[in-house]
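Copied from TrEMBL, the annotated features are:
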- 7-27: transmembrane segment (TRANSMEM)
- 33-52: transmembrane segment (TRANSMEM)
- 64-83: transmembrane segment (TRANSMEM)
- Gly73, Thr76: Na(+) binding site (BINDING)
- 95-115: transmembrane segment (TRANSMEM)
Amino acid sequence: MTQCIMVGLGGFVGAVCRYLFGLIPLGTDRFPLGTFLINLVGAVLIGAISAVWELNPHFDRNILLLLTVGLCGGFTTFSTFTLESLGLIEKGRVGAAAAYMLLSVSFCLLGVMIGRGAVRAIL
């Protein structure tokens, strides 16, 4: 139960941070710069946290969950996707990483299109 609470707390903070970060006027409709920057910050953050975990395996697992699954997950799921992709690359599974990245982006884009299309058809 403690782990769920830690993830929930981190998720709350991450989601609020994402919302607040999204309020910063970045001045263009031509490119989703805000989301791009959120994903980039989240990727850097989860990379730093995972490095701390690797260098200090005695780091409290509950804090790790709060920061990675909770905070970074609430801020952006793209950071987790990127960390998993890097993990595959570091294990020498470059083909699997490429497939994971291509399939994730492609199928998620398709999923959003299907979801939007279904709602538009119903409404």
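If you go along the chain as it appears here, the first residue is 1 and each next one adds 1.
Each residue, glycine too, has its Cβ placed from N, Cα and C.
Within the set of binding-site residues (Gly73, Thr76), the lowest number of other Cβ atoms found within 10 Å of a Cβ is recorded at Gly73. In this chain, the transmembrane segment (95-115) does not touch the transmembrane segment (7-27); fewer than three CB pairs sit within less than 8 A of each other, excluding pairs fewer than 6 residues apart. DSSP assigns Thr76 (Na(+) binding site) to coil in the three-state reduction, outside any helix or strand.
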